[in-house]
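What Swiss-Prot records for this protein:
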- 46-234: domain 'BPL/LPL catalytic' (DOMAIN)
- 85, 86, 87, 88, 89, 90, 91, 92, 165, 166, 167, 178, 179, 180: substrate binding site (BINDING)
- 162: site 'Lowers pKa of active site Cys' (SITE)
- 196: active site, acyl-thioester intermediate (ACT_SITE)
């Protein structure tokens, strides 16, 4: 998908490719948070490069800085973690690709809103490789898919399901946290929360839409689309980042 100069986040000057890593297995959330904090600190200090870190988590809920307690509908269902990212409640679990995005926006563009738009563009371009039309909606951060086969909304408009969530944090213009795209998660767990504080809409995944996409398939698309929006990344391979220094 072609990107305009307004939505791309290519570095201003020649830079090393973004480090791109896939974590094997299920990553405990506490360890992921600690690693992100450490890596973001190192990027700010100039002792480490930018990084995109792909993980899956065991089933859990996270609460962003805007989370309302009333949106946690089933507090005893899964572990709940408070986190410093923006947004409200979301679910993470096996079959969902979480991409933690640790980029130095001083080297790109110091514009939070444009950065969120670029993350949405990245997801939309990734989904397009599987002929899925993902769309953004004003006032509903994330990526949405029209579901005309479902009952319409109360106002008669077409039902839409969320397929990807975005929740980021910036500290001195270095980003951490990131995006979560539903490849084949257990969608029933979303019923324990009001996802992202938005009621009245559904949640879907690539497999729920009838596409037998594997996580490996999606990772390839994710990397290709990332390079369209953010520039070059290292060759994709799997490693254990938690055993590496930041």
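In case you wondered, yes, glycine gets a Cβ from its N, Cα and C as well.
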How long is the line from the C-alpha of residue 89 (substrate binding site) to the C-alpha of residue 196 (active site, acyl-thioester intermediate), rounded to the nearest angstrom?
5
What is the number of other Cβ atoms found within 10 Å of the Cβ of residue 196 (active site, acyl-thioester intermediate)?
23
Of the residues named as substrate binders, 85, 86, 87, 88, 89, 90, 91, 92, 165, 166, 167, 178, 179, 180, how far apart in Å are the Cα atoms of the most distant pair?
15
If H, G and I count as helix, E and B as strand, and all else as coil, what does DSSP give for residue 89 (substrate binding site)?
strand
Which of these recorded positions is closest to residue 196 (active site, acyl-thioester intermediate) if you go by CA atoms: 85, 87, 91, 162, 179?
87
Same chain only, sequence gap of 6 or more: which residues have a CB within under 8 Å of the CB of residue 87 (substrate binding site)?
64, 65, 66, 67, 141, 165, 166, 167, 196, 197
Rounded to the nearest angstrom, how far is the Cα of residue 91 (substrate binding site) from the Cα of residue 162 (site 'Lowers pKa of active site Cys')?
12
With every protein chain in view, how many other Cβ atoms are within 10 Å of the Cβ of residue 89 (substrate binding site)?
24
My understanding is the cutoff is Cβ-Cβ under 8 Å with a sequence separation of 6 or more in the same chain; which residues meet that for residue 179 (substrate binding site)?
98, 99, 101, 119, 122, 123, 164, 165, 166
Which three-state DSSP class does residue 162 (site 'Lowers pKa of active site Cys') fall into?
strand
What number of additional C-beta atoms lies within 10 angstroms of the C-beta atom of residue 91 (substrate binding site)?
26
Cβ atoms near residue 165 (substrate binding site) (within 10 Å, other residues, all chains):
27
